[in-house]
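*Asks:* Quick one: the structure is below, questions incoming.
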Amino acid sequence: MLNLQEQCPNTLRKTLNVGKSVGLVVGSVLGSGLMILPGITYYQVGVHSFYCWLGMGLLIIPFLFVFSRIMIKYPSAGGLVNLVYLILGDKIGLAITYAIILSLIMLVPIVAVIGANYVCYIGNFNANYNIFIAWILLFIFTVINTFDTKISLKIQGVTSILLLFLLFIIILATLSGSSEKFFQKVIINFSEDDIKKIWSGMTLVFWAFLGWENLSFTTEEYKNIKCDFNYVIIFSYLIMMFLYLGLSAGVIISLDTNNPTTISAPLAEAAHVAMGSYSGIAVAIIAVLIMLININAWVWGPSRLVFDAGRKNILPSIFAKLNNNFTPYYALHGLLFLYTLALVLIFFIGQEFITLSIKQVNCVFLILYLLTVVAYIKESDTIYSKIIGLFTAVSILFFLQKFGIYLILPSIFFIIYVIVIPFFRKSASQCKEAK
């Protein structure tokens, strides 16, 4: 394994432990998906949405086992992408690097827009201001992450604790005395049509389970990754599943699929139903906290990937430069420029761009997960590990085929970098030899 501390002068400062890392995971995974996806999923597949969350939660467990084992072995700012690059080779590594960076350029502005929508909802602002507000949020957190990671981590830790406390109260208030109503709705006879609805919903809620790859981009910054990383995964997963299942149940009990607010601000509407006049304050605080931790985490993580790509000369080497605070200044600000371009697209295209982008990003990150598992199988030296890896890979493949046309874009990347470019390089080399 490469010892970056010895071989590379551009090495990030080690500042992370269990507590700080759980805060980053809460921000990465439990973010904008928590604010909007319970409502969108309920709107699209009705009471089946609860099984979508449960099914996706179970499906992710084998991957998390593989993820924790292999990231402890290969910690890097490049995270899972670096892992694929090292184990599966530079051709596949280049393809997935560019595909993931493009996906992040689509994803992070959407995260900011969803946060901005809640700002407009709470402040009763014109919804047309959401793109500008989203850019302001991205700019603020880019600046914060430029100066010092300690400030960013303090914001992440404090806001995560407050957020979890408030969400716990809302879930209890929503479900209190309504368990019978919930079970009457969700107990169904599973027909083939029901299974199709659940699978369809799972392709959507998968976005809410993204974030583990963002955590992987921080593994170079752990003080003691061998001791801490498994605990981070376990604690984060338990918190995530309690909140997702609790809020899904609350939405099913409280909301109407025909209500527009069910799609645009389901958390706010569920809180209003559960808490009445007190909901405004609760939702305002929760929305602000979610925005803070979510945008901060997604500004942090991708900058590490771009930094590592610059360090490998996959991207211009300027992105590998650190400032005096050991933060990747050029990576952060280069991404901000690209996020701005994506926000312009969202402004002109609208909700269609967001909806398509969510599924496209889901597809690309699922391919990254699959490649990670393939790398794990290749590295494993025991039958037990290979069986777990194979089971995980089959599960991901079964789920991946549901994405259909969304497989086209990542396929183009792989065709270009694995087949086309090597072919032309080989042809050019043969021509030179002939001369």
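Residue 1 is the first one shown; counting continues down the chain.
Cβ atoms are placed via backbone N, Cα and C, with glycine included.
Bear in mind that TrEMBL entries carry predicted annotations, made automatically and left uncurated.
As annotated by TrEMBL, transmembrane segment applies to 22-43, 50-72, 92-115, 127-147, 153-177, 229-255, 276-300, 329-349, 361-377, 383-400, 405-424.
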*Asks:* Counting Cβ pairs closer than 8 Å, which of 22-43, 50-72, 153-177 has the most of them with the transmembrane segment (383-400)?
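*Replies:* The stretch with the most close Cβ contacts to the transmembrane segment (383-400) is 50-72.
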*Asks:* Cβ pairs under 8 Å only, please: of the recorded stretches 22-43, 92-115, 153-177, which one is richest in them relative to the transmembrane segment (229-255)?
*Replies:* 22-43
*Asks:* Can you name the far-off residues of the same chain, 6+ from the ends of the transmembrane segment (50-72), with a Cβ under 8 Å from a Cβ of it?
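*Replies:* For the transmembrane segment (50-72), the nonlocal Cβ contacts are 38, 41, 79-80, 83, 186, 198, 201-202, 204-206, 208-209, 212, 216, 219, 225-226, 229-230, 233, 237, 240-241, 244-245, 248-249, 252, 369, 372-373, 375-376, 379, 385, 388-389, 391-392, 395-396, 399.
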*Asks:* Any residues 6+ beyond the ends of the transmembrane segment (329-349) with a Cβ under 8 Å from its own?
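*Replies:* Tertiary neighbours of the transmembrane segment (329-349) are 104-106, 108-110, 112-113, 131, 134-135, 138-139, 142, 145-146, 299, 302-304, 306-307, 310, 318-323.
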*Asks:* Any chance the transmembrane segment (92-115) and the transmembrane segment (153-177) are in contact, meaning at least three CB pairs closer than 8 A with a sequence separation of 6+?
*Replies:* no
*Asks:* Which residues of the chain, 6 or more past the ends of the transmembrane segment (127-147), have a CB below 8 A from one of its CBs?
*Replies:* 108-109, 112-113, 115-117, 119-120, 155, 291, 295-296, 299-300, 303, 323, 325, 327, 329, 332-333, 335-336, 339-340, 343, 346-347
*Asks:* List, by number or range, the same-chain residues at least 6 past the transmembrane segment (22-43) whose CB is under 8 A from its CB atoms?
*Replies:* 16, 49, 52-53, 110-111, 114-115, 117-118, 153, 156-157, 159-160, 163-164, 167, 201, 204-205, 207-212, 214-215, 218, 232, 235-236, 239-240, 243-244, 247-248, 250-252, 255, 257, 261-267, 269-270, 287, 290, 293-298, 300-301
